[in-house]
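Q: One structure, pasted below without further comment.
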Amino acid sequence: MGRDPRLILILVALSLTACGGPQSALDPAGPSAASLHRLGIIMYVGATLVTLLVTALMLVPFLRPRERSVNRNLFLWGGGVALPLLTLTALVPYVMTVGHETRAATTPQQVSIDVIGYVYWWDVAYRRPDGSRGGAAANELHVPVGEPVELFLHAADVIHSFWVPSLAGKTDMIPGRVNRMVLQADRPGVYRGQCAEYCGLQHALMAFDVIAVPRPEFDAWLARASQPTGQPETPELRQGRDLFVSLGCGACHAVRGLSEARLGPDLTQVGSRRTLGAGTVPGGVGNIAGWIASAQHLKPGNAMPSYDQLEGPQLRALAAYLESLK
Amino acid sequence: MSSLELDDGELDDEVEPHSRTGTLRRLLDPAFGHFVWAVHFLAVYVGAAVACVLGLGAAGEGTRTTFLAVLVALTVVATAVVVGHAVWRHRQYRDLPDQRFRMVLTIGNSGIATVGIVWQLFPILLVPVCA
Amino acid sequence: MTLTLDSPGPQPTGELAPRVAPVLFPQSSGRDGLERLEAVWALPKRFAFVTEVNNTHLGVLYIATGFLFFLGAGVLSLLMRIQLAYPGLAFLDAGTYNQFFTMHGTVMMFLFAVPIVEAFGVLLLPALLGTRDMPFPRLSALGYWCYALGGTLVFASLFFNIAPDGGWFMYPPLTGPKYSPGINTDVWVLGLGFVEIAAVAAAVELVVGILKTRAPGMTLGRMPILAWYMLVTAGMIMIGMPAVIAADILLELERAFGMPFYDATKGGDPLLWQHLFWLFGHPEVYIIFLPAAGMVSMMLPTFARAKLVGYTWLALAAISIGFLSFGLWVHHMYATGLPVLSLAFFSAASSAIAIPMGIQVFAWIATLWDGKPVLRVPLLFILGFLFIFTVGGLTGVMVAAVPYDWQVHDTYFVVAHFHYVLIGGMVFPVFAALYYWTPLVTGRMLSERLGRWAFWLMFVGFNAAFFPMHITGLRGMPRRVYTFPDDVGWNWLNLISSVFSFVFAAGVLVFLIDFIRHRRSGPEAGYNPWDAPSLEWLSHGADYGFRSIMPIRSRYPVWEQEGLKEDEIGGRGFLPDAPTREREALVTGPITGEPEQIIRLPGPGWTAFLAAAATAIALAAGTLKITAIALAAGAVAAGAYLYWLWSMDRLAPRGLADAGRGVALPLYTNGSRSVGWWGMVVLLISDAAVVASFAFAYLFLWTARPGSWPPDGSQIPGFLAPVLLSAAVIAAFILFETADRMNQRERRRDTTLCLGASAVLAIGAAVAGWFWLRGLGIDPTRHSYGAAVWTLVGTMGLHLVMGAGMALWCTVRLHLGMINSWRCLTLRICLLWWRFTAPVTVLVLLMIAGFPHVIS
């Protein structure tokens, strides 16, 4: 038993140092995550001290048997009542003042995004100043660095939960309700998020990226996302576009200027996405082809059928066309 | 606090005089403080939830302050009731071990319930309404 | 109503006894008395053991069954840990994994944790309270067999690939008819149904048993501390279980009949489920923890060689935890986007529970300091419990902090937290209890050496497997994922957890080996092998428990009451005999523990087993939609229940019977002295909680969809019909009251008339209520408003019909001479039903009619 306090100390120390990773609450990159992390550290230290105290107290009688009877009041009033009462009377008011950033007010100049959870992917739509649906994306949120971004969280089918640990805590997406939260990234970078409420078969494969870039870059990106895609330039790409139409891809997917359906992810800029299938495989033309041919193998149970009847050249053309959408 | 201590084991055989109060009520009396805590807790929680549904979030500063004042007043009243009941029980105390045991239970539970009630002041005073 | 023959002390109550009363059934403390006692309490031979209803016997079966479920669900967790050992493994596919984690949680919570801690109560309490058995043994038997048969069916669903897969808290809409059309979810509801029956049955038995069947002289302040913990636990089950029963009923109504409680497209709200589920689900954790803490408090004095420091403190801590735990349910809903003020109320309440928790931990430590502790295996497990539970409690304070929980909610941090709380707070104490109390049951000791191996393997395995999960969670890994990518930084942490989970399992295996071994070669335990202070060690071995029931004058009778063992063996206590050739027990006053009555308990019989088996088959067949079998089994079950009810309230001679020690007691009581009255009160409290949950659903759905109410196009209810309905209900109630008065005066004709009129009015009101809602155009499937109104009114209608049934039941018994002015417990208990039903029905009608007017 003696080595366990030390084990705890080592592990606590580890947890505070080895905290990297693209999805770590221990490596905060935004004001909300930072204040929660600060609260966490206070509580880790306090908890470690109490654990050490209790462990030591319970081992003492075995190391040094006593003759006198115990001071009951010290244990019951001191340890049982005073210790939790005093520490928590200090901690609880502090806790009450932490984390209000995620419910803060924002100005109309700032970015507002509707994020809608579907089984098992994320629809992302930027609100125009008039509130209508502007540029759209899927499984990727582009945000300007250093600005609070307002999110409206919806669910299309079952409950999901929106969570980017490096930036802020999670907020559920509940059918019939719209939850609002404010998110801010202080450093440019890619922050991974993942659905945190069990939502069915492929809950594990429902991730997304938050890509924080400087404001001008963000504006440029949003402008591209709001424009129709251009005409394909090579015969292969044109064949790919025709296949997109003839296979009925547009029945589910939107490609701005070509189709408007929203049953599946918006593909307007799918060529530039870091991942496919909400974090299932990395992006790129090869994986696009692989996904089209065997989506049910890569992520069984998702809404996309496997188009395994396509000939090689057809598949390549379709993938190349999609990869050209950036 | 010496009167609150009950020496384990030193119980005698005396039977307490029969009370006219119903057995069920006498059994539940030690938890009186917690019943008040439960009523207070539901009152502030449901009160806040319903007030937000009815549009307190959009109401003016004055309305909100009044609402908070009501919650604080409720908390004060609840605390007074619990403490008053405990003091009353303490005065009723007769020197029979089993009665004393139940009195200590009542007072101890009331103490914990009081903390539970008073701590509700932290959210009431520190957290914005309907955010 | 104690009547003493040679008056050793002051008369406690009531009318004075005649000095020489004709006493029925004289008790013998000699050889012949012992023979009768043995014959009456003997365990039925061979397969007839299923007819046994004795709680002590059932407790052993209960614990064994619970342990088997623990092993089964443990194997599932090991398979899951293999899948998670390395990123991207395909050892289990997504569907299987989801079934496994759902079943792991469901089985561990509902089929292992709750039943096994209740089982320890069922096994130990009769002996600890100094009685031969608790008042409703058949009810315990029904609970056990429902649980064992039903639980097996639910577990077996894994082998047919129809196991539930929506997570153990089954959030709709994922588990609603649209996204879970298969029967997997119904299997979960079915499983919970059995557990609810078993839990409520055990709760009734425990509450009434603890309050009414203690040894004479055992006042509230002298009860063994476990009795306090179990009393609080049973009380929590009474209030908490109904919330989840209500949630379940609403879910099944939505799945089977399309009543949209949780369907947001029709005015329902998924959060309604979360409120109701966690209103039960959070207290559930304490329902599991408190009995374990009570067992720790029982074992500690034995090994510390000192009395508990702060018995009163522990009792009040248990009571406080019982209450405060109901103020924490939103604890699990911090991320749902509710207003932060609402969340903060729960955060503050969650923190308040740290005080009674602190009191307990420091009282236990002080007990160790007070004595000269002997480090045997059970104490080792208790120390392990103290350490692990402290860590779990402290991470509990962390997750109670709303903003912090936004990060760790639904991650591996929480997985680590609740395993620290549950394995630390419950599994370690249960293992301590298994080592401690096994000699009581088998008569042999488990091995000290293997016990130490088991402990260290479990302790090291547990900490090394679960502590890293805190970090895994903080580094972003959500729970309930069947796989994870290899570039996020979770690989090593998961591998460590997986490896050490097998070390933990090895510890459990060592215990199993030891257990199998000890039946043959374990040393004989003898009398009171640990030199414990509590009563259960007196009753060692025999089916009848105690040779005679000893009066109790201490909290630590075996240590402090001189000559206790000799007097008990010598038959110098109460009831040393079974002169009626039936099982007997003493009923005592709930507060003072004075003897009030001798009750005769049911012996072995097929009723409970048959009722349980038929219920299990009916529910399972209903879930699988095999209607013919479901109906047939349902009919058998109904028959068994009716026979059971009919056989209660038996005829007892009117005179006083000998209780031993010169005390004569009645064999029959009416009203609030009888155990039946207390049983009904407990049931009605549970029933009230179900009705309150439905009322909450109505009001909550309004807050979720404020605006027009009713929103489904139906008329706003007027007041005329509710007033008339209320008048009918109140009249039916008053008639029932009058029937009781008339029966007191032996006016049988008037009694019959009143009962008949009451039944007619009740049925009339129920039917009229149905027409009233139909007339208003309220449709239960169009909108959640209609669903909520129909559910509430329907529930009260069902109560009225039951009330009418009771009136008829009483009429029949009246005319068969089974109810008269003296023997009227049945009538009084039915009257309790009406005293609850009438006011609640009026309140419900008032709400349905009044609320839409208030808000418009």
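Positions of Cβ are set from backbone N, Cα and C atoms, glycine also.
A TrEMBL annotation is a machine prediction, not a hand-curated record.
Because the structure is a prediction, the values reported are computed rather than measured.
What TrEMBL records for this protein is below:
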DOMAIN    C:35-537  domain 'Cytochrome oxidase subunit I profile'
TRANSMEM  C:141-163  transmembrane segment
TRANSMEM  C:187-211  transmembrane segment
TRANSMEM  C:223-251  transmembrane segment
TRANSMEM  C:271-296  transmembrane segment
TRANSMEM  C:343-367  transmembrane segment
TRANSMEM  C:450-471  transmembrane segment
TRANSMEM  C:491-513  transmembrane segment
DOMAIN    C:595-853  domain 'Heme-copper oxidase subunit III family profile'
TRANSMEM  C:605-622  transmembrane segment
TRANSMEM  C:628-646  transmembrane segment
TRANSMEM  C:751-773  transmembrane segment
TRANSMEM  C:785-811  transmembrane segment
TRANSMEM  C:832-855  transmembrane segment
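Map these features onto the structure and tell me what's around them.
A: Confidence for the domain 'Cytochrome oxidase subunit I profile' (C:35-537), expressed as mean pLDDT, is 94.
Within the chain, the transmembrane segment (C:187-211) has long-range Cβ neighbours (under 8 A, six or more residues past its boundaries) at 55, 102, 106, 110-111, 114-115, 118, 121-122, 125-126, 129, 131, 134-137, 139-140, 142-144, 146-147, 149-151, 153-154, 157, 162-164, 166, 170, 175, 223, 227, 230-231, 233-235, 237-238, 241, 244-245, 248, 251-252, 590, 615-616, 619-620, 623, 675, 678-679, 682-683, 686.
Sequence-distant contacts of the transmembrane segment (C:271-296) (same chain, at least 6 residues past either end, Cβ-Cβ under 8 Å): 109, 113-114, 117-118, 120-121, 169-172, 225-230, 232-233, 236-237, 239-244, 246-247, 250-251, 261-262, 318, 321-322, 325-326, 328-333, 336, 360, 364, 382, 385, 418, 421-422, 425-426, 429-430, 432-433, 693, 696-697, 700-701, 704.
For the transmembrane segment (C:343-367), same-chain residues at least 6 beyond its ends with a Cβ under 8 Å from one of its own Cβ atoms are 293, 296-297, 300-301, 304, 306-310, 313-314, 316-318, 320-321, 324-325, 327-331, 333-334, 382, 386, 389-390, 393, 396-397, 400-402.
Long-range contacts of the transmembrane segment (C:491-513) within its own chain (CB-CB distance under 8 A, at least 6 residues past either end) are made by residues 71, 74, 77-78, 81-82, 84-87, 431, 434, 450-451, 453-466, 468-469, 471-472, 475, 477, 484.
Non-local neighbours of the transmembrane segment (C:628-646) in the same chain are 138, 607-608, 610-611, 614-615, 617-619, 621-622, 809; each lies 6+ residues outside the stretch with a CB under 8 Å from one of its CB atoms.
Listed as Cβ neighbours of the transmembrane segment (C:785-811) (distance under 8 Å, sequence separation of 6 or more from its ends, same chain) are residues 249-250, 253-254, 259-261, 267-268, 645, 690-691, 694-695, 697-698, 701-702, 709-712, 714, 729, 732, 736, 739, 752, 755-756, 758-760, 762-763, 765-766, 769-770, 773, 778-779, 819, 826-827, 830, 833-834, 837, 840-841, 844-845, 847-848.
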Q: Are the transmembrane segment (C:141-163) and the transmembrane segment (C:605-622) close enough to be called in contact, which here means at least 3 C-beta pairs under 8 A that are separated by 6 or more residues?
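A: They are in contact.
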